[in-house]
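Comments concern the structure below.
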């Protein structure tokens, strides 16, 4: 029964990640609720995020909804931040990091809703920030650090932040998915080194395959979502999930 739940959950969560760029953070929650060791749950999750990021990036590139220069500049910072995040995992409590993560997600979601009322000139000013290499590096490093520490794949934090700086919604999904690869690779290697993979080998393979199926299907149809509705939907989803963890 546990195996069935994990497979179905990975397909559904994978599809949501492929369509919207968010929802991957539900995987660590799933494994924790199924009483897996924390490091095993993080290892499974980040390995799945490598798959979702790779397949999602491929499909969004085919749809011409991926800004490679932007994603790579962001990704360099994320890669370095993720390495530090894995190392700091043993020094800081996961509860503290998750609290920081959800506060950032909550405030980002609220800001996205507020910004839908702002003028085009203000939007151009915000977009200019995404053209600064130093800004992208710092943004990537901070998000990579927080995500590697907390178990979030990256898009749940990166996606609303990109929207906050007026990145086009579908483009933001593609960028967030590629950035998640930069975050997840060092995180997956780090957490996998902390467990005996032979004890979970069959489960590990099924997780990667089922998550990949969901992501591939979701990312093929993600461009059909209305951009405005996608932006608002991500904001509301971010606010709801963050509020649930912070206040309930």
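From the backbone N, Cα and C atoms, a Cβ is placed for every residue, glycine too.
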- transmembrane segment per TrEMBL - which of 96-114, 115-133: 96-114
- Message: How about the transmembrane segment (36-58) with the transmembrane segment (171-192) - do they touch, taking at least 3 C-beta pairs under 8 Å (6 or more apart in sequence) as contact?
- Response: yes
- What stretch of 7-30, 70-90, 96-114, 135-165, 171-192 shows the most Cβ pairs under 8 Å to the transmembrane segment (199-217)? 7-30
- Query: For the transmembrane segment (7-30) and the transmembrane segment (171-192), does the number of C-beta pairs under 8 Å, pairs 6 or more apart in sequence, reach 3 or more?
  - Reply: yes
